[in-house]
Amino acid sequence: MSVVVTITSTINSSPVPSWVNNNGDNSPSLRETSASFSRRSSKISLLRKKKKVCCGAKSTDDDYHATIKSLNSRGRFPRKSLGQHYMLNSDINDQLAAAAKVKEGDFVLEIGPGTGSLTNVLLNLGASVLAIDKDPHMVDLVRERFAGSDKFKVLHEDFVKSHIRSHMLSFLETRNLSHPDFALAKVVSNLPFNISTDVVKLLLPMGDIFSHVVLLLQDEAALRLVEPALRTSEYRPINILVNFYSEPEYNFRVPRENFFPQPKVDAAVVTFKLKHPRDYPDVSSTKSFFSLVNSAFNGKRKMLRKSLQHLSSSPEIEKALGVAGLPVTSRPEELTLGDFVKLHNDLKMSSSSLETTRAELGLLVVYLNKAEARDKICRAIQYGSKFVSDGQPGTAQNVDKSTSLARKVFRLFKFVNDLHALISPVPKGTPLPLALLGKSKNALLSTFLFLDQIVWLGRTGIYKNKERAELLGRISLFCWMGSSACTSLVELGELGRLSASIKKLEKEIGNKDKHQNEQYRAKLQRSNERSLALIKAGMDFVVAFGLLQLAPKKVTPRVTGAFGFASSLISCYQRLLPEWKRGKRKPDDEAISIMERFTSTFSSRNVLLRRTLSLRASWPSSIILIRGKHLVSCQKIDIGSASKLHRSGELNLHNPGEIQNRFRGYYSRKLDQQSPSKSTTKVPAKSNTGSLDKK
């Protein structure tokens, strides 16, 4: 039976704790808060659900009055920007302390003590408490409240930016470490929801300082951390980190009615039992391990052999996956912590500085490449303006100069790309001359892009030495010209190798139609791409030659602009066209190929599996179950594990998802074409619950 408690009393009639600094009834802040609370009192009710998730026997109205009173003593109300939601139920504070098994003599870290209700519980249990809060008013409040306690210390800092390890070590200096039960401290906290992930990442690796971390988190976030489901969009690198450093446990849910102000979501208490560093999974370097994990999840829908190419070659990744007992088509959301540990160790990722730097730079390259398309578009505008102006003053020349400066923003830290390629291993089978030319190209281009940052600082006035900036500008252009020459030679060499390979393949194919051979088409496409790259490198050489004004009469600004504009168009074509083709791919062509592949894979012709056709690459893949002519249901699930589910007979979709309406008619048409019968395929309508029911 549900119980509703309605608060109708004013602040003056509420029990006031002795520690509150009451200035009397004539205090302006108290009068304002009392009147405000009286207006709201008739509207505020605290509802306890039939199923008592975490509430005890104590009433929350006294806790509410105490919270309002303590805030009023400082003229404060909860700040949304800090994510402040104060606990109204003192029983939950007791259960938080019980979850951490706090006892006399323990040392506890509390993040965001607020009004000190949880702090009071911890001190009453005999623990020493170090509190950290970002709000200076709350710091003053709890410092005044517990001024008489020698077991309490509060710091005014942002926990995410604080040096918590040094704070804890200094806090534990006076501690007696002779007893093994008191060797490690604990963390008990009612966290602001907006910093929960950052706090978890900071605290869990401190198994040498803390034994238990008990946090009050948003309920959905708690479930994602503790009970992640493989092959879903909820499975993330944070789940690998949590299981690497701790043993998480979901304790209980806390309804939103227990907070002031009331949040829009429920909360939950989670306990992380931290592992000691000697109990961590056996990896050569935690830094390189998490670089591997982050790199894998950065391309979540990509296969690992693609997303980890900047760490190792595809054959080595496929070999490591095989040794770990994983299919070569594995994706990151399919791997457990143990799988990632095996993969890391099989790839032999050492903890040397070079390997670690390579992994970190590779992850940075992925983010830097996101601005590549914008840079190429600005480059086309810049050289197009140079072609129009022909070096003469006017609007076109102003556009040329302003666009040149704007490009520097997109090219900030761009030298990291070629620096990463410079320290990465050369693909096996590459001839030594081509390998040396490739490394020279990377070194020269990285130098050019680095010096270009100094040139930009000189043009903006930040770097005052203009003469040196101009000298560095010419040196950078010479580096660009040299890298373009190296690129041309590399592309010529690779084209020669491809040409020999294509001729050899043509002899093997014989009289058959060579264009029907998939390997031949792939080599031919690579040859075309290499030819285009060779043309672009030659044009870049001419542009650098013109910008240096080595032959001003022959290579005029207009010629430089024309070659630069053509080179920019080639760059845009190389960068944007593949993405555009993937986004505009015809659903019919993709569906036919996928259907043919899966119908030949599975024994039952009545079961078709395919990915949801979508115009957005961020949508997760889906599995669609079709029996006969009826679309039974669909569910968000990874395609790679579908065959295992089918063979084991577990292909039962209990939680059907929603198929986009734009594709429903399409499924019907395709099934009619695939089915030998002429009957019409019936697509079930969506029920009120969002699932697809069979007609």
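Yeah, the Cβs are placed from backbone N, Cα and C, and that goes for glycine too.
Note that TrEMBL annotation is computational and uncurated.
The S-adenosyl-L-methionine binding site annotation in TrEMBL covers His85, Met87, Gly112, Asp133, Asp158, Asn190. In the three-state DSSP reading, Asn190 (S-adenosyl-L-methionine binding site) counts as strand.
The domain 'Ribosomal RNA adenine methylase transferase N-terminal' annotation in TrEMBL covers 92-276.
Look at TrEMBL and you will find 670-695 tagged as region 'Disordered'.
Positions annotated as compositional bias 'Polar residues' by TrEMBL: 673-695.
The most crowded of the binding-site residues listed here (Asp133, Asp158) is Asp133, judged by how many other CB atoms sit within 10 Å of its own CB.
In the three-state DSSP reading, Asp158 (S-adenosyl-L-methionine binding site) counts as coil. Counting Cβ atoms from all protein chains shown, Gly112 (S-adenosyl-L-methionine binding site) has 24 others lying within 10 Å of its own Cβ. Here S-adenosyl-L-methionine is bound by His85, Met87, Gly112, Asp133, Asp158, Asn190 per the record. The longest Cα to Cα distance in that group is 21 Å.
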